[in-house]
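**Q** Attaching a single structure in C-alpha cells format; questions to follow.
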Amino acid sequence: MFHLVSNLNVLSLVSVLLLLLTGADAEKRLYSNSLVNCMKNNSDIIPNYFNVTFDALDRSITYDVSLAAKIQGKLKAHATVYAFGFDIIHESIDLCSLNLKQFCPITPSQMEVESVEYISKNYVDMIPDIAFTFPNLDAVARLIITNENNEILGCLQASFNNGKSVSHEGAKWATAVVAGLGLLVSAVLSMFGNSASASRMSAAAISLFTYFQSVVIITMISVDEVPPIANAWAENLAWSMGLIRITFMQDIFRWYVQATGGTPTQYLTAGVKSILTQRSAQKIFHSSFLRSNSLMPRDPNTNTELYIPMDHVESNNYLLVLRGINRLGYDSNIEPSSIVCTGFTFFVLCLYVLVGVFFTYRYLSKALTKGKRDSWISRKLERRTSWQPTFKGILARYIYIGYPQLLILSLWEFTKVDSGSVVTIAVFFLILSVGAMAICCFQVLRYGSRSIKEHGNPAAILYGNPEVLSRYGFLYTMLNARKYWFCAVSLSYVFVKALFVSLSQSSGRTQAMALWIIDMFYLGLMCHFLPYLDKFTNVLTVFIQLITTINSFFFTFFSGIYNQPFRVASVMGLIFFIMNAAVSLLLLIVILILALFSVFSKNPDARFAQTKDDRTSFQRKHRSLDEDFTDSNELFELGRVAKEHDDNWATNMYNLRDGDMLSSSEHPGSPDLDGENKGSDAQMVTNETGSDDSNKKGLTNLVGKLTRGKSLLGLK
C-alpha cells in the first residue's frame, strides 16, 4: 500500500531552484551502498557488502549483496521507506517471490548474490518523481525480517540517494574567487592610500570570509546526524578552513603519518561500505563505514527496546560511524588522518604565495619608479617609508584570517594524535596563532589606552603613528576608533568557540548548546555596542552574526537534545541550506559591487560616507615611493602644479573654501609614540598675511593650498 504525505509536495517547489545547482538530466536512478543491522543484540544477519542501483527507465535493479545469515526457513520482509522524515512507502515482500534460491528457503550460510532483476511497473509508479530530482535526497529503507509465523528475526536498514548534490565545483570556485577578490581589492586600496574605501572593503571582505568559516565550523560539531543537504552545502565552503583535496598531497600525507609513527586511515581507498573485516582478536580493521549524515526517522510504532534508534547509530564491531570533523573531511575526500596535515599545508602554501607577491611588488615598484617621478605609479601609488612594519602587518593579518582554522585543527590533533610529528607541528601552529594574536591585541589595547591618557582620543596614536597603523591596524581599522577594544572581544569569541569544537567532539549535544549560547551572547554584544566604523558595516556584520546564530540553533535540533520528531530536523536541514545559499549569494553580490565601485571609481573614498570618528584627522600622508624624495623636490612639483592652473589661479586659490581644512585646523599636529606633537605635513593658510612668514613656510602653505591638503603625488 502506498501513502504519500501531502506535505512532501512542497519539496517539489524547492527542487526547481535546486536543479539550477545540480543540473538536470534524463537519468532517473537511485543508489544505495550501505546496509546495516538495526536490531539490538542480534547478529543473526550481518551485512558485509551492499551495492544496489535502481534505474526507473528500464525498471531494472542491479545488485551485489554479501551477508552472513544464521537463520533458516521461508522469510518475509516488511519494508518501510522514509524520505526527509516522512514515510512514503509500506510494502510486504515474500522472499520466495523473488525466485532466488539463496533466499527461499534461507539456510545458515555466507550468501553472495550478484544479479539484475526487473520489477513491475506498479512498483516503479509508487516512487514519486521528486525522488529522482531532489539533490542530496535523504531516504532510508528499513526491512524487518520475519518467518512464516511473523516472528521477528532481524532488521536491516539501507540509505539511498539519486546521485545529485548541491556540493558543486562551480560553487566552490565562485565563493573562493569572490572572497579572495574582496581581500585583494582591499589590500590594493590600502597601498594606494584610499583609507576610507580600504577600511570598508576590508571589513566587508573579512566579514564574508568569516561567515564562510562559521558555516564550516558549525558542521564540524559532532552531532548525531547532519542532514545531507546541509552537509553538502558546507562542503562548498570547506576551502575556507584549508580542507582542499589534491590527490598527490593525500599520498604524501599518508606516507608522512606512517613514516612518523602513526597509522593512516584508508577509508577512501577501501572502495566498499557497510563491511568490516576482523583481522585479529585485538584489532579490527574497518574496510568501510556509514556516514552519519542520513536522516533516519523514528518510527512511533517501532519497539525502541528491540531496535536500534534510527538516528543514533553508533560504531561497533562491524560498523564505523564518522561524525564531526572526521565526517566533513571524508565528505571532502580527505582521509581522517590527513585532515590536520591538509589544513596546515594549505595555510603555509598560501603564506608563501603572499610573501612572494609582496616582495615582487616591492621590487617592481622600486624598479618602475626609479628616475620616473611623472609615471602613473609614482603619482598614484603611496607606500610607507619603511616596508618592515607593512610586511609584519600583512603577516599578522594573514594569521588573523587563518586563526579559527589553526586553532581548531591544532587543538583537535591533541585528541586524535595522528603521529608524534603531526602533534609537534600542531603545537607550533597553536603557539603561532594564539601568540601572534595575543601580542597584536595587547599592543592595540596598550596604545589605545595610552593615547586616551595622553591625548584624550584613542585615534591619536592608533591612526597618527604610521608604524602602529601598519602593524596592528588590521585589528581595529574596521572598528570605530573609540571602540578599538572590541578586537579583544572578537578574538576571545573565536578562541572559546574553537575550544568547544575541537575538544568536545565526543559530545555533540554539548557542542551544539555551547556554540548556540556563545553565538547569542556575541550577537547581543554586537547589537549593544555597534562597534564597527559606520552604519553599513554594522548592519552587515550584525546580519552575518544573526545568520550564524540561527545556524547554531538549527544544530541543537540536529543533536537530538530536544527529542523532537525527526521530520522537524529534516525540514530544518532544508531551511539551513536555502537560507545559507541565499545569504552567500547576497554577500557575494555585495562584495562584487563594492569591489567594482572601488576599482573603477576615480575617487573611491567619495563612494562611502565619512566615518563618525576622527581617524582622518590623525592619519599622516605617506611618503613617496622614492626613498630619496626630499623637500627640495617639491619645487619641481610646485612648478608643475602651477602650470596646470589657469592664469587666474591665485584668485581661485584664495577663494577656496576653508571647510575642507576644518579637521586640520582642529588638530594641528599628530602625535608620535613618545606623545609629542609634530606639525602636519601641510599647514593651511587662511589669508594673505602668509607672505610675511619665512620663505620656507610660505612655500609649504602655498603647496598645501594648491593641493587642498593632499599629497602632490595624488594629483592627476
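Every residue gets a Cβ built from N, Cα and C, even glycine.
All TrEMBL annotations are machine predictions without curation.
Just lifted these from TrEMBL, have a look:
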- 1-26: signal peptide (SIGNAL)
- 28-167: domain 'ML-like' (DOMAIN)
- 173-192: transmembrane segment (TRANSMEM)
- 204-223: transmembrane segment (TRANSMEM)
- 337-364: transmembrane segment (TRANSMEM)
- 394-412: transmembrane segment (TRANSMEM)
- 424-445: transmembrane segment (TRANSMEM)
- 484-501: transmembrane segment (TRANSMEM)
- 513-533: transmembrane segment (TRANSMEM)
- 540-562: transmembrane segment (TRANSMEM)
- 574-600: transmembrane segment (TRANSMEM)
- 660-702: region 'Disordered' (REGION)
**Q** If you count every Cβ pair below 8 Å, which range out of 204-223, 394-412, 484-501, 513-533, 540-562 shares the most with the transmembrane segment (337-364)?
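**A** Most Cβ pairs under 8 Å with the transmembrane segment (337-364) come from 394-412.
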**Q** Against which stretches of its own chain does the transmembrane segment (484-501) lie, if we need a Cβ under 8 Å and a gap of at least six residues from its ends?
**A** 217, 220-221, 325, 403-404, 407-408, 411-412, 434, 437, 441, 444-445, 448, 458, 462, 475-476, 510-511, 514-515, 518, 522, 525, 529, 531
**Q** By DSSP assignment, list the helix, strand and coil residue numbers for the domain 'ML-like' (28-167), in that order.
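**A** Taking each residue of the domain 'ML-like' (28-167) in turn, the totals are 13 helix, 78 strand, 49 coil.
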**Q** Go through the chain and flag residues at least 6 beyond the ends of the transmembrane segment (513-533) whose CB is under 8 A from any CB in it; none is fine as an answer.
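**A** Residues packing against the transmembrane segment (513-533) from afar: 199-200, 203, 218, 221, 477-481, 483, 486, 489, 493, 496-497, 500-501, 504, 541-542, 545-546, 548-549, 552-553, 555-556, 559, 561, 611-613.
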